Structure formats: C-alpha cells, structure tokens
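Presented below is the structure to which this report refers.
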Amino acid sequence: MEVKARAPGKIILAGEHAVVHGSTAVAAAIDLYTYVTLRFPLPSAENNDRLTLQLKDISLEFSWSLARIKEAIPYDSSTLCRSTPASCSEETLKSIAVLVEEQNLPKEKMWLSSGISTFLWLYTRIIGFNPATVVINSELPYGSGLGSSAALCVALTAALLASSISEKTRGNGWSSLDETNLELLNKWAFEGEKIIHGKPSGIDNTVSAYGNMIKFCSGEITRLQSNMPLRMLITNTRVGRNTKALVSGVSQRAVRHPDAMKSVFNAVDSISKELAAIIQSKDETSVTEKEERIKELMEMNQGLLLSMGVSHSSIEAVILTTVKHKLVSKLTGAGGGGCVLTLLPTGTVVDKVVEELESSGFQCFTALIGGNGAQICY
C-alpha cells in the first residue's frame, strides 16, 4: 500500500516580532509544499523488517531494523494511541537521539538530527513498529522562515493517519481531511514541532494543517477565510539568521525606549487587523483597490520592522530592486536575512525583477497565498 500527503509552507504577512509584545499578526499558507510518501511492503517482500527514511532533495537515506528501534525506544502498548497525541519525554528523546547518532550523519548535515528524531517519534507513536519506506521531498528551502519544519511534521502526520483510513472513505486525487482528523493531525504535528524547536508557538503547524490564513494574538489563533486572490514573489536572501538573538534585540530596544516601541507595536497591531479585514472583506471594493491598500500596509510594516532593528543589508537590497519595478516588499519572519515578500498585483509580469534578483545571488519563488492545507492521496 502507498499513501501520499502534502503540507504547505507559510509566510507571516504582518506582525512579526510585535506579536511577542502583544500585537496581532497574520500568517498564511503558500502553495509550496513538503511531500511525504509512505510505502508498506508486502509480507513476502525483502526488507519487511526495516524502517527506511529517504530525504530525496538532499540525497540522504537512513534505515533501522525494527528490532533495533524496539530495543531503543521504551515501548508500552498503552502509549500507542493515535487518537491521543502525547509529548515525547526527555528519556525517550535521548533514546531516539542514539538511533539518529548511529546513522553517522555528515557533520554539515547535523541540523537534520532533530527532524529525524521527530520522524521516529511520530512514526512509532502513530503506526507502531511496522516496516515501511518513507520518502520526503520539499519545495521549501530549509531554515529560511517559510515553515519547512512544520510542513514536514504536518505532511508526515497526515500520511501516517491516512494509512489507517478505511478504503471505503478514500477519495481520488488530492483530498483534504475532515475537521476531526485535521484537529488530531494538528495536535500531533505540534508535538513534532516541540521536538525540533522546544517551545513553538503552534502558528506554523496550524497554518500548514488548515491552510488559508490565520490571525493570532496573545496565544489565541483565529482562522481566517480569504475572499481575494493574493500572489507574492518570495525572495530567499540565503542569509542565515539567529532568530533568538533578533527577538532578544527587539525586547532590549523596547526596554531602552518603552514609549516609542509601544507606539511601534500598536501601529503594527493596527496594520495586522486592517490587513485581516481587507482579506476577509466581501464588499464590492475592487481587487485593485484592495491590493493598493495592502501595498501601503506592507510598506508601513517594513518601515516599522526597520525601526525595530531587524532588517538587514540583503533585505534592503531586495527591497531596492523591487522598488525599481514599482513593487512593494517587506521581510517575513525573523528578519536579519531569511525571506522577503513582494506583493504581485493582478497582471504583474515578474520575469525582469526575478532575473535581476537571481543575478544578485538570491533565490526566487512565486506563490499563491492562502491556499489548501494538508492533503492526502492514495
């Protein structure tokens, strides 16, 4: 049997950094996906006593005997309950880390270890100790702020949960899960994100699982329904950033200049709320007029992010290039590098701006904003 699943990446449309200080932020799914294929061998097949993980886009393969996994991971039949998502204990995580170490990851790929640990945890908790080959490939650049780890957790969990769906209820082509299974999927994916990030907000996995857009403030997540098409150019600066240091820097600036930074955060809050209202609006306002308002909000948001100290010369280079083509851009996520969003109004031809950006060493993607969440296929 073969099961496929896919889950989208995400962008922060407005509110990054300020959300840590009580402001509203808006995030959206993008139509760049992580794909997971789950293949179960026939009982008579060779290697029906192994669990194999293939990372296609980085040409790596890992394989464990089921006997070794059972030996390493404490097994209690009562903990295997796909309908009750559970956290990975420190003890179990240490045991899983040993399994990962035994695979002799290349030094330059050690950043993959937490993702592989997450794979082993989710697989054994949801499926148990059954043989399979799991193939993962992704359209999302790793570590660029587009939610690649959450998309992995969501797509993997979707495939694992889908493997036990009755054949009678299976559809043809890509199909979404029902609300009950989506909620279960999102909870399991969040447990996976905790292994990778420690204390994630839950935003990335929620956007990836449900798709479309969400608004979040003070820990509360509200799903939004977009009523207008949005297309963005996403430019990866290829500059790595230290998210923790950037967040800390904004907090320190807020301590030094409390009144000024409070005004900045309040302004960002207003921008996020207005953006959410425009996107959800069902009034007769033309798409062109809405796009103009969104352009202005993005421009203001970028100015406020600059005042927080989280921009970077690479981000400013992208912005200057897109301005020459009469396009508006803002950083997305932590800043300090990472990715930049450029709004593409209806009818925009991007060939020339993409050519100019790529000639400067940047990586470009065009993406539709607010699309489908996790989907499965048989």
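The backbone N, Cα and C atoms fix where each Cβ goes, and this holds for glycine too.
Per Swiss-Prot, ATP binding site is recorded for Lys10, Ser138, Gly143, Ser144, Gly145, Leu146, Gly147, Ser148, Ser149, and the stated evidence type is similarity to another entry. Other C-beta atoms found within 10 angstroms of the C-beta of Lys10 (ATP binding site) number 30, with every protein chain shown included.
Swiss-Prot lists Ser149, Glu193 with the feature Mg(2+) binding site, giving similarity to another entry as the kind of evidence. Listed in sequence order, Gly115, Glu193, Ile196, His197, Asp204 are the same-chain residues at least 6 apart in sequence whose CB falls under 8 Å from the CB of Ser149 (ATP binding site). Look at Ser149 (ATP binding site): DSSP puts it in a helix.
What Swiss-Prot records for Asp204 is active site, proton acceptor.
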**Additional residues surrounding ATP, by Cβ distance to the Lys10, Ser138, Gly143, Ser144, Gly145, Leu146, Gly147, Ser148, Ser149 centre under 8 Å** = Gly9, Leu140, Pro141, Tyr142, Ala150, Ala151, Asp204
**Complete:** Least crowded of the binding-site residues Gly143, Gly145, Gly147, counting other Cβ atoms within 10 Å of each Cβ, is Gly143
**Prompt:** Widest Cα span across the ATP binders Lys10, Ser138, Gly143, Ser144, Gly145, Leu146, Gly147, Ser148, Ser149, in Å?
**Reply:** 14
**Complete:** Here the 10 Å Cβ neighbour count for Asp204 (active site, proton acceptor) comes out at 27
**Message:** Give me the count of other Cβ atoms within 10 A of the Cβ belonging to Glu193 (Mg(2+) binding site).
**Reply:** 25
